[in-house]
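Peer 1: So TrEMBL says this about it:
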ACT_SITE  Glu122  active site, proton donor
BINDING   Cys12, Cys92, Cys189  [4Fe-4S] cluster binding site
BINDING   His36, His70, His120, Ser217, Ser218, Asn219, Ser261  isopentenyl diphosphate binding site
BINDING   His36, His70, His120, Thr161, Ser217, Ser218, Asn219, Ser261  (2E)-4-hydroxy-3-methylbut-2-enyl diphosphate binding site
BINDING   His36, His70, His120, Ser217, Ser218, Asn219, Ser261  dimethylallyl diphosphate binding site
Amino acid sequence: MEVKLASSYGFCFGVKRAIDIAQKYENSATMGPLIHNKNEIDRLQNDYKVGLYRDLNEVKPNDTVIIRTHGIPKQDLKDLRAKDAKVINATCPFVTTPQQIVKKMSQEGYSILIFGDSEHPEVKGVKSYGEDLEDVHVILEKSELDNLNFKHDKIATVAQTTRKKEIYLDIVNSLILKNKEVRVFNTICDATFENQDAARDLSKEVDVMIIIGGKNSSNTKQLHTISLENCSDSYLIENETELDSSWFDNKKLCGITAGASTPDWIIQQVVDKIKKY
Ligand code: F3S
């Protein structure tokens, strides 16, 4: 089987940075999973003794606590500091930006609209920076705009870093027609789109497409969706053990891409195995 890698794939800047930070603090632990990739988290645990807190109550004074790439809610950060833990912040700077925008704009009297998944840790963290949580609204679809009651007639919007720009634009267009003032901040991260554009191009020219990444990672799932648009034989796997040889029957060229949290060593294992089919 011939294999072709996407022109852009895998780790983004924020994830590389978080892993570098974690590797510097052996015997530390992270607040929530550091990144959305179980294999890499296991490697950090085995090689660097980086543990994982399930709950804030597990943190003891003088513990070294690493904040994950997606950030944590403001109150959790305060509670950690109050416990006299040593807090190391590995939040991606592109996630810190919307947190700070939400804080500043709500202090200036704007209602806040976040385009994103209200259950995602990044969005929960960003939302927590609003001054009045009842006036921080989270939506995934334009149609949800009709159900919102903004307290102010000026609105500031940010987007979850991994969302699609086209949908954000659509929401913002609709918003400006119904409100006097809308401040739009483009907080979508380009790293995701470089991988997405490359996956789109590659999926048009291959017979089968393999997307490697965490099954709970939203940017990996989006790579899968995009690939499926052009290549119906597109499969999402976490590592090489999930490959099924029947996917490659009568196929010549296999395209490979990987989510922003997928380490190179996992990608290499997948490539090596596919080449043998
Ligand atoms: Fe940061 Fe963008 Fe990665 S927000 S964690 S650089 S996908």
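Cβ from N, Cα, C; glycine included.
Describe each of these features in terms of where it is and what it packs against.
Peer 2: In the three-state DSSP classification, Glu122 (active site, proton donor) falls within a helix. Its Cβ placed at the centre, Glu122 (active site, proton donor) has 25 other Cβ atoms within 10 Å.
Neighbours of Cys92 ([4Fe-4S] cluster binding site), defined as other CB atoms within 10 A of its CB across all chains, total 23.
There are 27 other CB atoms within 10 A of the CB of Ser261 (isopentenyl diphosphate binding site), with all protein chains counted. Secondary structure at Ser261 (isopentenyl diphosphate binding site), taken from DSSP and collapsed to helix, strand or coil, is coil.
All protein chains included, His120 (isopentenyl diphosphate binding site) registers 17 other Cβ atoms within 10 Å of its own Cβ.
The Cβ of Ser218 (isopentenyl diphosphate binding site) has 20 neighbouring Cβ atoms from other residues within 10 Å, across all protein chains displayed.
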Peer 1: Which number gives the other C-beta atoms within 10 angstroms of the C-beta of His36 (isopentenyl diphosphate binding site), all protein chains shown included?
Peer 2: 24
Peer 1: Given the binding-site residues Cys12, Cys189, which one has the fewest other C-beta atoms within 10 angstroms of its C-beta?
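Peer 2: Among the binding-site residues Cys12, Cys189, the lowest count of other Cβ atoms within 10 Å belongs to Cys189.
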Peer 1: An 8 Å radius from the center of the His36, His70, His120, Ser217, Ser218, Asn219, Ser261 Cβ atoms defines the neighbourhood of the dimethylallyl diphosphate site; name the other residues of that chain inside it, in order.
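Peer 2: Result: Ile35, Glu122, Thr162, Gly214, Asn216, Thr220, Gly259, Ala260.
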Peer 1: Taking a cut-off of under 6 Å between Cβ and any atom of ligand 1, tell me which of the binding-site residues His36, His70, His120, Ser217, Ser218, Ser261 pass.
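Peer 2: By the Cβ criterion, which requires under 6 Å to ligand 1, there are no hits.
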